[in-house]
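Following: one structure in structure tokens, then a few remarks.
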Amino acid sequence: MLRFHVLTVGTLGMQLFWSVEQSYGSPYLLSIGLTKSSMAMVFIAGPLSGLIMQPLVGVLSDSCHSKFGRRRPYMVAGVTICVLAMLLLGFTRQVAGLFSDSKTLLKALGVLSIYSIDFAINAVMAVGRALLVDMLPSSDQPAANAWSARMVSVGSVFGFWICNLDLPKLIPALGDNELKALSIIASFFIVVGHLVTIVMIKEQVLTKGDSTRSVTAEVFGQFRGLWSNFKILPSVIKQIFAVQFFAWIGWFPVLFYTTVYVGDAYKREYFSSMLQHSRQEMDVAAVEEEAARLGSRALFYSSCLAMVGSFIFPLFVIETAKKRRDHNADEPVRTGWRSWRIPNMLKIHLASLWVVGQALFALSMGATFFTDSVGGSSLVIAATGFSWALTMWVPYALLGEAILTASPAATVNDPGSIMLTDTRREDADTDTLFEDLDSDADEIEVEKRARRASLMSMGDASVSRMNVGYHEHDEDDDEHATLVGRDAEGAHGRVPDEHEGGLSSKTGVILGLHNIFVVIPQFIVTGIASIIFAMLDYTPPAHHGGAAATTATSTLEAREDVDVGELLEAANKNSVVYVFRVAGISALIATILCYRLAKQLRHR
């Protein structure tokens, strides 16, 4: 069990980084003078970095000859850049002030920090996934990914909870505003988490001269392999891609614009109250921080529901016939309350559960027509938590089932045949994505398929070791083993032979295509959001310099050049809500497509 903790503890720190960016990235970019339209374009860094960095770092680390191993040098570099970028985000004004008072420099540094965080985090994520495949045998992959998912859930809840606190009052030493304190805390956790991984594992070294292809050839070969395989994929996999395409047009705005959406609701209430009571003094910076804190609170509620859902929803999914037989054969007879199980009549097909999640998400976005209060906005965001839990789990399970049913050994006649690697059970580490094979040769082939199943396509590298007292393989073999470069057949971009285990030999290619169908809609909705913000966002009068509603940072008295009415008018524009409604329409399309997919799978 300790080996799983060692390999996945860094994920907690990475999720804390994402939580800070989701909570405070948008408000902060607005506070330094960016328009909402420009802010939307900045967050294209997320999908762009995912599209570029993960395959690139995977290829580069595959070919790394460092004496410290293939992955750890990139992990150290990525974490270092993450920390520097996060501290730059928290202390942008101070850093910019060292050089000049130019607003242009301040904006440039703020944008640079967001891009650096996104690109570096994606690099660290790629290396972390690669390490899971390198360090563990195929039989431990489900349990390892389970712990990674748990770390994500815990990190998300912890991150949004921290973002919800008034840190300047609780820990004044960390800074005089929320973002400074959060940048220090997030940096601490990502360093400590990955330091544990770096110190506790022992990677093998790739010998020089073994690699047969250049890095450039590897990268371009990987993308050629993706597109050449897309046209021969089964209809079910293409339908999953289609659902994900429209679903992620909906999810991207929720992930990055929620704080602005809830914060605008708070500002409307606050500034309306000021006008009604003729209050003459306000602290705009405090209003901005409270608005961001309320947005973080809504995300915290959503992450709590997502974590609960990730444990509860698998219990209501119909099991495959094979899994039922395995449970009956392996599990001891239970008596009393331990013998109680959820009745089969309450269980549904996994695809049908996904339909429910998509429909709930569409309804949540549709609810933006009926509420504009802080409480109502927070409830809308919190309700997306259950749908998010399914989005992070169901598509991958369905893809796994689709891949296996295309293989000779798959069971295609089971109406509930959805591959559920139930990583939430205590004995989850005994589950495997492959059939049990008897011969040694078959066991070796299973190991090779597990390596191919990595998104980074790590090839047939030997398994490295961890210094945690766990030795799955012969110790002497591990001590003298040397990693070798991939041969031509295992290289990126190679189109596997149709008869090499069906689609199971193309798992990495399919996951790469799936990543594209998740990333491309994020570019599309970013463009849509930018247009909506440009059309609907509030433009202050010229005598305010275009900054009254977004850049005031000190205690000000209401006077001619700082008008509460204008601040209220800016909040009343509420342009984010229109992006959410576009997201709701896209989620509705995803629901219809998902229903058709579920109908097809239930009748298989």
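The chain as shown is numbered from 1 upward.
Using the three backbone atoms N, Cα and C, a Cβ is placed for every residue, glycine included.
Now, the feature entries from TrEMBL:
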type     : residues : note
TRANSMEM : 38-61    : transmembrane segment
TRANSMEM : 73-92    : transmembrane segment
TRANSMEM : 112-132  : transmembrane segment
TRANSMEM : 144-162  : transmembrane segment
TRANSMEM : 182-201  : transmembrane segment
TRANSMEM : 240-262  : transmembrane segment
TRANSMEM : 298-318  : transmembrane segment
TRANSMEM : 348-370  : transmembrane segment
TRANSMEM : 376-399  : transmembrane segment
TRANSMEM : 516-536  : transmembrane segment
TRANSMEM : 578-598  : transmembrane segment
Could you tell me whether the transmembrane segment (348-370) and the transmembrane segment (516-536) are in contact, taking contact to mean 3+ Cβ pairs under 8 Å with a sequence separation of 6 or more? no
When only pairs 6 or more apart in sequence are counted, do the transmembrane segment (298-318) and the transmembrane segment (112-132) reach 3 or more Cβ pairs under 8 Å? no
Restricting to CB pairs under 8 Å, which listed stretch, 38-61, 182-201, 348-370, 376-399, 578-598, is in contact most with the transmembrane segment (112-132)? 38-61
Count the CB pairs under 8 A between the transmembrane segment (144-162) and each of 73-92, 182-201, 348-370, then give me the winner. 182-201
Could you tell me what the rest of the chain brings near the transmembrane segment (578-598), counting residues at least six beyond its ends with Cβ under 8 Å? 236, 239-240, 242-247, 249-254, 257, 261, 349, 351-352, 354-355, 358-359, 361-362, 364-366, 368-369, 521, 525, 528-529, 532-533, 536
